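Engineer: One structure is given below, represented as structure tokens, and several questions about it will come after.
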Amino acid sequence: MTTGRVRVQIPASTANLGPGFDCLGMALNLYAWIDMELAHTTRIELFGDGMEGVPLDKTNLVYEVAQMVFAEAGEQHPELYIGMYSDIPLTRGLGSSASAIVGALVAANALIDNKLTDDQLFQIASRLEKHPDNVGASLFGGIVVAYWDGERAEYIRLTPHPDMAVLVAIPSFQLATEKARNVLPQHVPLGEAVYNLSHSSLLVAALATGNLGMIRHAMQDRLHQPHRAALIPGMAEFLAGASEHGALGAALSGAGPTVLALVDARSNSKEQLEAFLRSTFHQHQVEVEIRWLLPEGRGAEVIEDHTSLASLAERMSAVSIDRGSY
Ligand SMILES: Nc1ncnc2c1ncn2[C@@H]1O[C@H](COP(=O)(O)OP(=O)(O)OP(=O)(O)O)[C@@H](O)[C@H]1O
Ligand SMILES: N[C@@H](CCO)C(=O)O
């Protein structure tokens, strides 16, 4: 058992990538950090802005998930110190809940000398989220293709193409995953299912072989994005016009409201695409934060960093002033 404090760095994630509803995810270079230590009395500290509403008692998701790890390993550690700082905006479609779950799993497992395997952690995470796309990407990094059938989750990890960049527009409003799932139909016509199956399969093949030119054809969806469009003014126009403005493909990120475009980092139409993204949301009076990100190849990991989370939060907010350039 580790008696000291462990720190875990967890990447954000984007789920679905268009047609891969609930089965495709990619990690992004935007992070959350969780500190965890065995304690005499439970204490939870949140650093930085943007975590309003996250509970500070034992109903906190990170605390609850840590207890699941201990229970699975046959250990009892009911009292914990938990510190958290996250640069991943909550409830925006960038996998904040998955980052909390995965961070809790990896940190708690580190405290008990990694008694659980990565596969055990992945099973717990998929069971909790009920779809393995965000948690798989945050846990393993890169692109994760996965299923969860209600009992077991299986996955294969792909390495993202080194020239792929990701342009995101993060609206200022929140959209809970539950709300964005409630607008989806419970039954779909066979033709629509075939449409998504074929596009999702082609997208995975394009990502696996580095065929960037095929992404614009493959990154099309009929299962969830059309039904969610009314919740995100501007999304439909951006998805329809992104390729003409230089994107490799575009999609709603997870359950939204963030939208993203995959971009060839060597392309000279990046500014044109960013301008199109800005003007589309501006026309719909939706305030967005625009950021250039990259796929993250590394999953959640314990890091040796002894600076306080308070100073990490300060450092990150200074960096955020320069955001937006690539
Ligand atoms: N660090 C955290 N600690 C505790 N709870 C958290 C933390 N991060 C997120 N959550 C919980 O997860 C909720 C957001 O989950 P939700 O699935 O709606 O959005 P998301 O994960 O940001 O987006 P998506 O799943 O579409 O990518 C928050 O409202 C909060 O309850
Ligand atoms: N695949 C999920 C991701 C959000 O957690 C959805 O689109 O609802």
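Quick reminder: no glycine exception, Cβ is built from N, Cα and C everywhere.
Relevant sequence annotations retrieved from TrEMBL are reproduced here:
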type	residues	note
BINDING	PRO89, LEU90, THR91, ARG92, GLY93, LEU94, GLY95, SER96, SER97, ALA98, SER99	ATP binding site
DOMAIN	60-142	domain 'GHMP kinase N-terminal'
DOMAIN	204-280	domain 'GHMP kinase C-terminal'
Engineer: How many other Cβ atoms are found within 10 Å of the Cβ atom of GLY93 (ATP binding site), counting all protein chains shown?
Structural biologist: 30
Engineer: A 10 Å Cβ contact count, applied to the binding-site residues PRO89, GLY95: which residue has the minimum?
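Structural biologist: PRO89, out of the binding-site residues PRO89, GLY95, has the fewest neighbouring Cβ atoms within 10 Å.
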Engineer: Should GLY93 (ATP binding site) be counted as helix, strand, or coil on the basis of DSSP?
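Structural biologist: Where GLY93 (ATP binding site) sits, the three-state DSSP reduction gives coil.
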Engineer: By the DSSP assignment reduced to helix, strand and coil, which category contains SER99 (ATP binding site)?
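Structural biologist: It is helical.
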Engineer: Among THR91, SER97, SER99, all listed as binding-site residues, which has the most CB atoms within 10 Å of its CB?
Structural biologist: SER99
Engineer: Would you report the average pLDDT that the model assigns to the domain 'GHMP kinase N-terminal' (60-142)?
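Structural biologist: Mean pLDDT for the domain 'GHMP kinase N-terminal' (60-142): 97.
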Engineer: Around the ATP site formed by PRO89, LEU90, THR91, ARG92, GLY93, LEU94, GLY95, SER96, SER97, ALA98, SER99, list the extra residues of the same chain whose Cβ is within 8 Å of the site's Cβ centroid.
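Structural biologist: Here the non-site neighbours turn out to be ALA12, ILE88, GLY254.
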Engineer: Output: those binding-site residues from PRO89, THR91, GLY93, GLY95 whose CB lies less than 6 Å from an atom of ligand 1, in sequence order; none if no residue fits.
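Structural biologist: Among PRO89, THR91, GLY93, GLY95, near ligand 1: THR91, GLY93, GLY95.
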